[in-house]
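> Heads up, here are the entries from TrEMBL:
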- Cys103, Cys106, Cys143, Cys146: Zn(2+) binding site (BINDING)
Amino acid sequence: MKAAIQIQLLSQAEKLCQQRHARMTPQRLEVLRLMIKQNNAISAYELLDLLRKSEPQAKPPTIYRALDFLMEQGFIHRVESTNSFMLCHDFTDPSHTSAFFICDRCGHVTEKTAENIRNILQKMAAKASFTMSYNVVETHGVCPQCR
Ligand SMILES: [Zn+2]
Ligand SMILES: [Zn+2]
């Protein structure tokens, strides 16, 4: 990702937090900056190592609190099957449902909006009298670069 786009994403996140009266601390912003720079899914421990370059005192709870905040704001997503986190492709809609396509060779993760999948699952849940809180759609395979 180009530097100008990285800066633009950061200021967009800051602006959205102001509008929502959510507290974007310098530390949370730094974690988001690291994730934007990464441009792929990353584990919490890899992020902690990166954060320690600027904040040597940072501990695992520091990272997890920052990640929780960024997930709540819809800036990042958790990729459950690889236990990692990635930047969202659309900051402006914090409640969208995503499908993740995970390359098993290079680890690259692509996000696609998947409202239609959510609708299907919701119908299935309703038929089973099941109350759905959230769902995960993750697909493993090989990306175009690795094929
Ligand atoms: Zn997203
Ligand atoms: Zn790949």
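The backbone N, Cα and C atoms fix where each Cβ goes, and this holds for glycine too.
Any idea what these are sitting next to in the structure?
In sequence order, Phe101, Cys103, Arg105, Cys106, His108, Thr110 make up the list of same-chain residues 6 or more apart from Cys143 (Zn(2+) binding site) whose Cβ falls under 8 Å from its Cβ.
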> Which site among Cys103, Cys106, Cys146 has the most other CB atoms no more than 10 Å from its CB, taking these as binding-site residues?
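The residue with the most neighbouring Cβ atoms within 10 Å is Cys103.
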> Using the recorded Zn(2+) site (Cys103, Cys106, Cys143, Cys146) as reference, state which further residues of the same chain have their Cβ within 8 Å of the centre of those residues' Cβ atoms, listed in sequence order.
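Near the Zn(2+) site, the remaining chain residues are Asp104, Arg105, Gly107, His108, Val142, Pro144, Gln145, Arg147.
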